[in-house]
Amino acid sequence: MEDDGKSPPDSAYGEPKKYDPNFKGPIQNRGCTDILCCILIVLGIIAYVAVGIVAWTYGDPRKVIYPTDSKGQFCGQVGTPNEKKPFLFYFNIMKCASPLVLLQFQCPTTQICVENCPDRFLTYLSVATTQQNFDYYKQFCRDGFNNFTKSPVEVLRDRDCPAMITPSKPFTRRCFPAINTQKGVVMVGNSTTFDDGRGDKQRNVTDLLEGAKKANVVLEARQVAMKIFEDYTVSWYWIIIGLIIAMVISLIFVVLLRFLAGIMVWVMIVLVIAVMGYGIFHCYMEYARLKGQSGSDVTLKDIGFQTDIRVYLHLRQTWLAFMIILCILEVIVILLLIFLRKRIMIAIALIKEASRAVGFVMSSLVFPLFTFLLVCLCIAYWAITAVFLSTSNEAVYKVFNETQCDFSGNTCNPETFNTTNVTRVCPDATCQFAFYGGETYYHKYLIVFQIYNAFMFLWLANFVIALGQVTLAGAFASYYWAFKKPDDMPAFPIFSSLGRALRYHTGSLAFGSLILAIVQMIRILLEYLDHKLKGADNKCARFLLCCLKCCFWCLEKFIKFLNRNAYIMIAIYGTNFCTSARNAFFLLMRNIIRVAVLDKVTDFLLFLGKLLVVGCVGILAFFFFSRRIQIVQDTAPTLNYYWVPILTVILGSYLIAHGFFSVYGMCVDTLFLCFLEDLERNDGSTERPYFMSGSLQKLLNKSNQTKPDK
């Protein structure tokens, strides 16, 4: 089978590589490249460390973890006066129903830290008059309140104590009324009404309910989050077991590819078709089973969004949609296999060659762990710095008032507030902790530091990935260009390639990752603008933004593709980034047919391998967590949403499979570029023999001439 695969000659894409008798693979004698970018990334890292030090100096993560009282003090923080008071108590939670809550995210009522939430109905008037339960009531008064000679009216006026307390339960470290329903009637404790402690008529419990809802605007979202968190706490070890199974399957698959590449690829293709076929069969059986059942004919549009995915599984339309999607995917895969069957044979040969290369460079299978750990380090540094930056603001106090007040919302000082004229003009006004901010030079530029933190994270993460790619490329290129394998290969190909990359090409890797980081940062800013403009009526702006997002998405994909091939050229020839990118692009364009078909076919086959691993583990997780495996039915944990661990296992399995198959992907890409250069440099003669394996030569109808016997 002859496979020319070249595009017509075009000088615009340069001349084919000429034969060089001295070329034996990755060049050893090379110099430093893109030194300016190397200096830039070093300076960037120094500045990044400086930003981190400043953030860690001024930041305080306690502001995220612990609630704060009206004085800005933390509740439950070890080493503070409130160490034994972990819960936040609202003097009058009904005031949280004020629209100010939605504008300023703070209730216009006094808030203190308490040891326990109240468990009974009491009013200050009743305890002050009878002295019963007074010691219990005092724990809900301001710290230091001991002037028992003050009249109840003065105590309530000065907000020394709450007018009433109600049975409450802690939620997210805050005391909320213990509201429940009995036979559809809203109650708190065992009552539907309560005394507000101000001598007014009995108030309805629904007033408390309204205040509690506004006190926590995201109460329902937090409840869902808490349920998801609970699911993780009872299923985390099963999730880990599922991920271990995915790792074992991926490892077995990669090892089998090493020895049985051709058979494994065809087995993989058949299994993918079989798995999707079973999915279609299962969806049809569920669709047929639900026929005639009450409520199963409700449409997805009518039922709307539900957090419990089990609701959707009782609808026939859900299983019909799944079946249609799987049928479309099945047809697409089968058609691709039919039309690409000839190219698949060449792709299998390339995968076989990649398997041999991995066999000679076995350390390449564990090298992605090094890259993974470095990426995790980048993520950890970015996340910690972001938290410290976001919590490095100072406590800001604002004027809060129940009624209309000209000073409402102004900044105030709680130490001197009672001596100002604000209390004379607005007697009900209070100076309370509002949020964390600041007016200093540092606080004004916090957003700049956050943007720099995000940008440096993208730059360093892309740099680490680039380092991994160029290291693997150098190792696999040394395999391909070794005429006598493994005699002509270095003793430690991975370490040799890593050393060359760090010593000579840090600047080139920084250059490529910088370009990619800039494009990714622009995409993030466009997403932010899109989020801000969602409520806008300007359709022209929305359309323009959508076009920009699409263009930069395509640009990012192209740059990733170009960078990947440029790193291969850097690993082989030691040229700078721009030269390597140009040479790689021209080489690919001179062989555009092979690139468009052969290289993408191998990517498709490797993707099927990932799909097979994810499909096997995903189906197993679905049957286990939905309690459909009789043998281990009692072992499966009881969950609020069983899709939570299933989706986690599926996502984790894909990342694990991607980690293992990425080695093969980089190996295939490297061998592919070497393969193209081999065809351009050599012709199979005794003077210019091919470096490709005998199986590839046979498949392409190429051969090396042997020297005639004398």
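A Cβ is built for glycine as well, from the same backbone N, Cα and C atoms used for every other residue.
Look at Swiss-Prot and you will find ASN147 (among others) tagged as N-linked glycosylation site. When Cβ atoms from all protein chains are considered, those within 10 Å of ASN147 (N-linked glycosylation site) total 10, not counting its own.
Summarising the annotation, Swiss-Prot assigns N-linked glycosylation site to ASN190 (among others).
Per Swiss-Prot, the feature N-linked glycosylation site maps to ASN204 (among others); the stated evidence is sequence analysis.
Among the features that Swiss-Prot reports, N-linked glycosylation site is placed at ASN401 (among others). ASN401 (N-linked glycosylation site) falls outside any helix or strand according to DSSP and counts as coil.
Around ASN418 (N-linked glycosylation site), there are no C-beta neighbours below 8 angstroms that are at least 6 residues distant in the chain. Positions annotated as N-linked glycosylation site by Swiss-Prot: ASN418 (among others).
Of all the Cβ atoms in the protein chains shown, 8 others lie within 10 Å of the Cβ of ASN421 (N-linked glycosylation site). DSSP assigns ASN421 (N-linked glycosylation site) to coil in the three-state reduction, outside any helix or strand. The N-linked glycosylation site annotation in Swiss-Prot covers ASN421 (among others).
Annotated topological domain 'Cytoplasmic' per Swiss-Prot: 1-34 (among others), in sequence order. Mean model confidence of the topological domain 'Cytoplasmic' (1-34) amounts to 65 (pLDDT, 0 to 100 scale).
According to Swiss-Prot, the feature topological domain 'Extracellular' maps to 56-236 (among others).
Annotation comment: Swiss-Prot describes 282-319 (among others) as topological domain 'Extracellular'.
Per Swiss-Prot, the feature topological domain 'Cytoplasmic' maps to 341-368 (among others); the stated evidence is sequence analysis. Distant neighbours of the topological domain 'Cytoplasmic' (341-368): 1, 3, 254, 257-259, 261-262, 265-266, 468, 471-472, 475-476, 479-480, 485-486, 489, 492-494, 597-598, 601-602, 605-606, 659-660, 662-664, 667-668, 671-672, 675, 692-693, 695-696, 699-700; these residues of the same chain sit at least 6 beyond its ends, with a Cβ under 8 Å from one of its Cβ atoms.
What Swiss-Prot records for 390-458 (among others) is topological domain 'Extracellular'.
As annotated by Swiss-Prot, topological domain 'Cytoplasmic' applies to 482-508 (among others). Residues of the same chain lying 6 or more positions beyond the ends of the topological domain 'Cytoplasmic' (482-508) and with a Cβ under 8 Å from any Cβ of it are 24-26, 30-39, 41, 356, 360-361, 363-364, 367, 467, 470-476, 570-571, 574, 576-577, 580, 689, 691.
Positions annotated as topological domain 'Extracellular' by Swiss-Prot: 530-567 (among others).
Among the features that Swiss-Prot reports, topological domain 'Cytoplasmic' is placed at 589-603 (among others), with the record citing sequence analysis.
Residues or ranges marked as topological domain 'Extracellular' in Swiss-Prot (evidence: sequence analysis): 625-642 (among others).
Positions annotated as topological domain 'Cytoplasmic' by Swiss-Prot: 664-710 (among others).
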Selection from 35-55, 261-281, 459-481, 604-624, the stretch that has most Cβ pairs under 8 A to the transmembrane segment (369-389): 459-481
Contact call for the transmembrane segment (35-55) and the transmembrane segment (459-481): at least 3 Cβ pairs under 8 Å, seq gap 6+: yes
Top Cβ-contact partner of the transmembrane segment (604-624) among 261-281, 509-529, 568-588, 643-663 (pairs under 8 Å): 643-663
Within-chain partners of the transmembrane segment (643-663) [C-beta distance under 8 Å, separation at least 6 from its ends]: 228, 231-232, 235, 238-239, 242-243, 246-247, 250-251, 253-254, 309, 358, 364-365, 367-368, 372, 472, 606, 609-610, 613-614, 617-618, 621-622, 625
Proximity verdict for the transmembrane segment (459-481) and the transmembrane segment (237-257), three or more C-beta pairs under 8 Å: no
Close approaches to the transmembrane segment (568-588) from elsewhere in its chain (Cβ under 8 angstroms; 6 or more beyond its ends): 13-14, 17, 25-27, 30-31, 33-34, 37, 469-471, 473-474, 477, 481, 497, 500-501, 504-505, 507-509, 511-512, 562, 595, 669-670, 673-674, 676-677, 680
Alpha-carbon distance [ASN421 (N-linked glycosylation site); ASN401 (N-linked glycosylation site)] in Å: 14
Sequence-remote partners of the topological domain 'Extracellular' (530-567) [C-beta within less than 8 Å, at least six residues beyond its ends]: 466, 469-470, 473, 509, 512-513, 515-516, 519-520, 522-523, 577, 580-581, 584-585, 588, 666, 669, 673
